[in-house]
Amino acid sequence: WDGTGKKTPLEHAVDGNNLPALRYLLDHGADLTQEEDDGDTVLHHAARRGRCEIVKLLLARGADVNGSSQHGTPLHLAAVKGHESTVEVLLEHHPDVNKVVPSNLVTPLKAALLSASTPCVKLLVQAGANVNDVNNSLARAASEGLTECVKCLLEAGADPNRPDECGRFPIELAAVYGTREDVELLFPVTSPVSTVADWSIDGIINHAKLERLQLQDEDVLNTRKSDLKRKGDEAFEKQDYTSASEFYTQALKVDPSDGKMLASRSRCWLQLGDGQKALEDATRCKRRCPEWAEARLRRGQALMLLKDYEKACEELSGGVELDPENDEMDKLFWEAMELKKK
């Protein structure tokens with residue numbers, strides 16, 4: 001787009017997959033670095049469309065393979081659409097295969113899983129994508145029944161004993177949403193889960209089915225969630241932060257959308273010194289509760305723990321704007337400002 005809401009000639013050439021026209025425009029001074037309001041360039045547009053030959057030409061003419069927009073890099077856009085050949089071309093130019101979109105924490109590997117594209121997943125893994133990144137790709141593959149992706153990720157070293165943001169292990173997700181084959185793949189490499197009495201393939205599947213039925217009863221769900229939150233709060237007051245985090249995790253299994261529960265668990269990770277987990281929970285909390293000052297406070301605290309004082313200042317400044325009377329946040333903001341200067 002040219003800033004007036006109209007497509008540029010380059011955009012039209014990409015839409016029509018018109019390589020000669022694109023070459024002509026570039027030869028006569030068309031700007032391939034021009035950005036739309038959302039940061040997309042013509043390379044983003046071509047990658048999203050899967051215009052493989054056009055992508056090759058743009059890269060040959062100097063387009064930035066790592067150019068970032070609100071939607072991510074060209075690699076994100078090709079992967080989320082499942083354009084295998086375009087992903088392959090982009091990878092030949094050595095992009096950052098672990099680039100995270102700040103707004104939603106999506107990596108190219110997560111994008112490929114969103115499109116259920118096994119070929120794209122395999123290409124990204126071969127190119128060095130982190131299979132144990134913030135998105136927990138194995139849990140995603142298991143929850144979608146993507147058996148070949150589960151195999152690929154396990155072979156690449158994905159951790160089968162790492163729960164998702166709601167505390168569910170890949171094998172539990174496979175039992176509920178995936179296939180029996182996925183459960184069979186994960187069973188030999190998964191440590192027994194304490195809440196599953198019969199640790200066998202059939203036992204895991206039966207347990208998952210029963211748990212799912214229980215969660216369909218709203219009264220049972222609300223009672224269970226309240227009970228787990230109470231136990232988590234009590235454990236936190238006793239400074240038993242590990243137990244508190246476990247109770248909050250169980251509560252998030254019941255209601256994954258509870259942003260305030262994520263904030264509570266983030267507070268546990270902070271006390272346990274795990275800045276990365278604290279940041280992940282706080283980021284998800286902020287996404288669910290964007291106008292809640294405490295979400296900003298938790299993100300600021302996590303960033304402080306990770307010694308990223310510049311981002312901590314930005315986060316805490318936004319929090320102070322939302323809640324000017326919050327003395328704790330104001331004090332932490334000025335502390336971050338001082339540390340940032342050092």
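Yeah, the Cβs are placed from backbone N, Cα and C, and that goes for glycine too.
TrEMBL labels come from automatic prediction, so no person has curated them.
Annotated domain 'Serine/threonine-protein kinase BSK1-like TPR repeats' per TrEMBL: 226-295, in sequence order. The repeat 'ANK' annotation in TrEMBL covers 5-37, 38-70, 70-98, 104-136, 133-165. Under the heading repeat 'TPR', TrEMBL lists 225-258, 293-326.
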Residues sitting near the repeat 'ANK' (70-98): Cβ under 8 Å, six or more positions beyond its termini, same chain?
38-40, 43-44, 46-48, 50-52, 55-56, 59, 106-109, 111-112, 114-117, 119-120, 123-124, 127-130, 133
Other than its close neighbours in sequence, what residues sit by the repeat 'ANK' (5-37), given a CB gap under 8 Å and a spacing of at least six beyond its ends?
43, 45-46, 49, 51, 53-54, 57-58, 61-64, 69
Could you give the residue numbers and ranges of same-chain residues that sit at least 6 residues beyond the repeat 'ANK' (104-136) on either side and whose C-beta is under 8 angstroms from one of its C-beta atoms?
72-73, 75-84, 87-88, 91, 97-98, 144, 146, 148-149, 152-153, 156-159, 162-165, 276, 280, 283, 287
Helix-strand-coil residue split for the repeat 'ANK' (5-37), DSSP-based:
16 helix, 0 strand, 17 coil
